[in-house]
Amino acid sequence: MTDGALTRLEHGLAALKADHLARRRPLLDGAQGAHVTIDGRRVVSFCSNDYLGLANDPALVAAAHAALDGCGVGAGAAHLISGHHRLHLEFETDFAQWVGKPAALLFSTGYLANLAVVTALISRRGEVFADKLNHASLVDAAKLSGARFSRYRHGDLAQLESRLAASTARDRMIVSDLVFSMDGDVAPVDALLDLAERYDAWLYLDDAHGFGVLNGGRGGLSERARASTRVIYLATLGKAAGVAGASVAADGRVIEWLIQTARPYIYTTAAPPLLAAALRESLRQIAAGAARRGRLQRHVARLRSGLGGLKNAVLADSFTPIQPLIVGANADALTLSQALLQRGILVPAIRTPTVPANTARLRITLSAAHSDADVARLVETVHELA
């Protein structure tokens, strides 16, 4: 490594710091939850994606322990060698049934799943049409596919249709977050499906933040989308599900094609079987989780009522557990986040380039594990500081 290369890194790091864009990894001790120990201090956390409070649920912990005793720690091989365990298959079967699709495939992460699906189904002769606010993994997947990459303005279906109509690609795929992670708004699934049918395109929906929460826990698909063979559905499993990984659900022929051709699936060691055991229990808890979801929605309503009318910040329009409080400048968002932390409330600032310039925000996320008092404390403290 040359001194010049390292010097360029030093200059780049200094520039990130000067622009209030340098990031750090807060250090968690103990289990995830509404109240956590971060960097040695006890705080109320409003920044995890553990929407149903399942990450430390005793039933999931017990399921993982039982599988650990019976299966050990690691899978030991890729799925197509000797790492595909009975527990993986049982979870895939249960997941497909729960979300209303014929078949499913388990991946180690959502990022990996997105790379696998897009690159396996779209070639260099294809075209990917993506909402401008999609998750970074969908952007990277489209770029790695080698296909033409067309991004349309957030939620602008007219622009999407004009680009579909102009496309001469052999294969087309519309890709979209289902719940957008930085704004909390929800994609118009049936309208996207209309366009996919009209222009003979796949519709790939990343439901990282809707699965377990929307539609009784089954996620953001409409009944029509569940029945469509052109709709491919992704749920990540480290958020509302409380564990780790991701699962893709689709027509059985799509899933078999991914097994045979998706390089991120083929050339990756399988996830530990104990995670699949915990995920099966998570599905049971999600299915029986009406009370958790009801409590979560009450928290959303209380927060939105309590933080309406702030002078120097505004809540984005969202009915999901993602409640972005838009502040504006990076420095202002950091200042508010740090002031809340001094009061024992953890809500990190989200800055450029994750969100557009001048829309830095506190990304408040709510959980069924929060108490009414936790939410009231957040509302009161934001009013004092914002």
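Quick reminder: no glycine exception, Cβ is built from N, Cα and C everywhere.
Within T93, T168, T229, T236, the residue that Swiss-Prot lists together with G110, Y111, S181, H209 for binding pyridoxal 5'-phosphate is T236. When the candidates T354, T359, T365, T381 are compared with the substrate site entry in Swiss-Prot, which names R23, H135, the shared residue is T354.
The two recorded residues, K239 (N6-(pyridoxal phosphate)lysine) and S181 (pyridoxal 5'-phosphate binding site), show a Cα separation of 12 Å. Among the record's pyridoxal 5'-phosphate binders, G110, Y111, S181, H209, T236, no two C-alpha atoms are more than 14 Å apart, and one pair sits at exactly that spread. Sitting within 8 Å of the Cβ centre of G110, Y111, S181, H209, T236, and not among those site residues for pyridoxal 5'-phosphate, are the Cβ atoms of H135, S137, D206, A208, G238, K239, A246.
For T354 (substrate binding site), other Cβ atoms within 10 Å of its Cβ number 16.
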